[in-house]
Amino acid sequence: MAKETQLQVEAIKNGTVIDHIPAQIGIKVLKLFDMHNSSQRVTIGLNLPSSALGHKDLLKIENVFINEEQASKLALYAPHATVNQIENYEVVKKLALELPEKVNNVFECPNSNCITHNEPVASSFQVFEKKEEIRLKCKYCEKVFAREIVTER
């Protein structure tokens with residue numbers, strides 16, 4: 001007997017589906033793209049069952065298409081997420097996530113002594129991997145931080 005499967009989150013006609021987001025990260029991704037302030041319909045699935053991750057988050061954003069730059073920012077939070085662009089209920093494009101080399105004016109430097117807290121300069125981080133851990137190095141104070149420390153702020 002074939003196992004029946006049913007979508008736990010309704011399909012969208014046009015927009016972006018971000019799947020395989022690690023559990024507990026979906027809300028952060030939503031805020032990263034400022035979707036919590038959007039007038040478009042956003043469907044959020046939190047702690048959904050996943051054979052690969054155990055549990056995962058999922059975002060479906062109607063009538064919004066994520067560009068390559070946004071996808072690279074997403075890679076900081078969910079490097080193995082899948083991003084599908086949907087048109088007329090069909091996947092028309094899959095965006096591959098790649099870590100950006102630099103991230104500018106997105107995160108605040110965790111170092112309270114960094115010049116970015118007192119001067120009108122945009123934050124800037126170099127992004128790299130070390131032993132499969134994502135690290136960010138501040139352009140100004142040159143301190144290196146684990147991704148979680150920078151993205152939690």
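Just so it is clear, glycine is given a Cβ too, placed from its N, Cα and C backbone atoms.
Listed in Swiss-Prot:
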- CYS109, CYS114, CYS138, CYS141: Zn(2+) binding site (BINDING)
For CYS141 (Zn(2+) binding site), the three-state class that DSSP assigns: coil
Env. residues of Zn(2+) site, Cβ within 8 Å of mean position of CYS109, CYS114, CYS138, CYS141 Cβ: PRO110, ASN111, ASN113, ILE115, THR116, SER123, LYS139, TYR140, GLU142, LYS143
Chain-internal residues, separated by at least six, CB under 8 A from CYS138 (Zn(2+) binding site): CYS109, ASN111, CYS114, THR116, SER123, SER124, PHE125, VAL144, PHE145
For the binding-site residues CYS109, CYS114, the one whose C-beta sees the most other C-beta atoms within 10 angstroms: CYS109
CYS114 (Zn(2+) binding site): secondary structure state under DSSP, collapsed to three categories: coil
